[in-house]
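I have placed the structure first, in the form of structure tokens, so that the comments after it can refer back to it.
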């Protein structure tokens, strides 16, 4: 079966937005007008086709990115293939957004015409900047009370530091929003309300908008001709570029991320969606318009590029794993080069394992079709892969490549979790492992000391949703504990302990004497053991017993029972008995010596210190710094990033719980932060006493 669409007719794009900017409604309308879904689903009644997880229907926020294939005839009547990736808009799911941005070629950024650039818009915009994604802007909800297109244009500049090139002007606003003025063709499009927005009339620009339209068209042309010296010279000599030339130049500027074409409409009222689809064809890149993906040769580690061509060796990136109730586990992959055929065996170069390709599916929001082949530029869902997780590369085993890995932040919050009924323990383990395979920012481990299952993630909402999904998808109900900090203990001074263990009551007894020096390990956090026995006061075969005895109590320190770090122990002398001594006797003696020694060597409590980075608009810098100081934080410095300020600090993890809520309210939700573990540091004595009371 040959390729149906040329690769230049593909558009792989996503829709990125703040929570309530109308992303799902816009996607729905796109699916409706491109003829894939017949009844328009409304988020208000929770039936949108893209929002297919139950929870999303309840919360009205989109959590998992689903990939949908649909088709659109451009203004030249030629059919194009759209692969639309739905992205979440909630701050705890920015990992999902990063993941989708990684495999997109372009994006539509939605704004709410009433709110303009909102906090999450800033976050997602910065992530798209990181991956250099070409974008268009759609100012949605023009029918809403308080809608103001011109203010939104201004906010794109002031808050995002980005250049918007206005392509359309609204005709009316709020309940009077009738249509748009196309600044390229200088015509007005007025939608017919009675046709659900499927039909519109092209008319002359109303007299009262004529002057404004002329002014904005001039700005549009000035931005366009900047893209080409020849066009610029002709323009300066008084020659106007043609309509085709304007579109070609705007396309060039968009793909090179020099500026962002801006449109307006109301997806809910079905106005402005079709011109937006034409703009996707006109201005967003196809897979061959963007730089080839870079990777390294899996054998030689030499850098290589893979071009978006069917003739190149097959390479693809797994960017999403989801559980489908009918098919089981589905791995969504973006094919960057080559052709994928059902039944072939591929190399997972990150894991060093082989995978056989069984079922291949083309996904619509919640229906699916089986396919036999897929090509460069396609996004496919593969059923039944065993080893592959998010961010892995799958490729031709004869030409192995590792495409650039995605980076996922370390989880920052952990809680203990247990099933409500003992019998569900195994089921819970399976559920958590399955969820961890889907989501690299979520981790599961067992606490060695308490035997409890600990789950860790990106934030409190993130873990709430995990617990919720466990209940819905795996029918396991769980109780969760309070968020916990992983403290440690160490020693600060040198102490010499001489300890004799003696138990002689008829028959064979037990005898061992040890003299051990305990001191801080100068080389770091590990445990170091040395024996300086000369002249056989402790026979060689008993020395390992001394080391084992000390190691067995390192997991529980003297202050509050936390694991100990950075201890050095040196066995300097001892004594034994021909009959009563044994390895076990020396183990017991060493254990007791360490318990005594840890107390005398100035035991100290340590806490994890996190490296915190807060990105905030300038007006909140003072509040952010004051708040971090109040959390025992040490400010390391600040720098400008675009129109925002980055504040770096070291803060104890214990003082960072609920930080996200505080930061949101402090900055009206416009600042965001990341944090990761940096090092351990002694706990101030007042705080240490409280911890000791709590855990001792």
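Start at 1 and count along the chain as shown; that gives each residue its number.
Glycine too: its Cβ is placed from the backbone N, Cα and C atoms.
Feature annotations, reproduced from Swiss-Prot:
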type    : residues              : note
BINDING : 17-24, 86-90, 140-143 : GTP binding site
DOMAIN  : 8-288                 : domain 'tr-type G'
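Mapped onto three states, the DSSP output places residue 87 (GTP binding site) in coil.
Here the domain 'tr-type G' (8-288) returns a mean pLDDT of 84 for the predicted model.
Taking all protein chains in view, 30 other C-beta atoms sit within 10 angstroms of the C-beta of residue 23 (GTP binding site). Residue 87 (GTP binding site): 28 other CB atoms within 10 A of its CB, across all protein chains.
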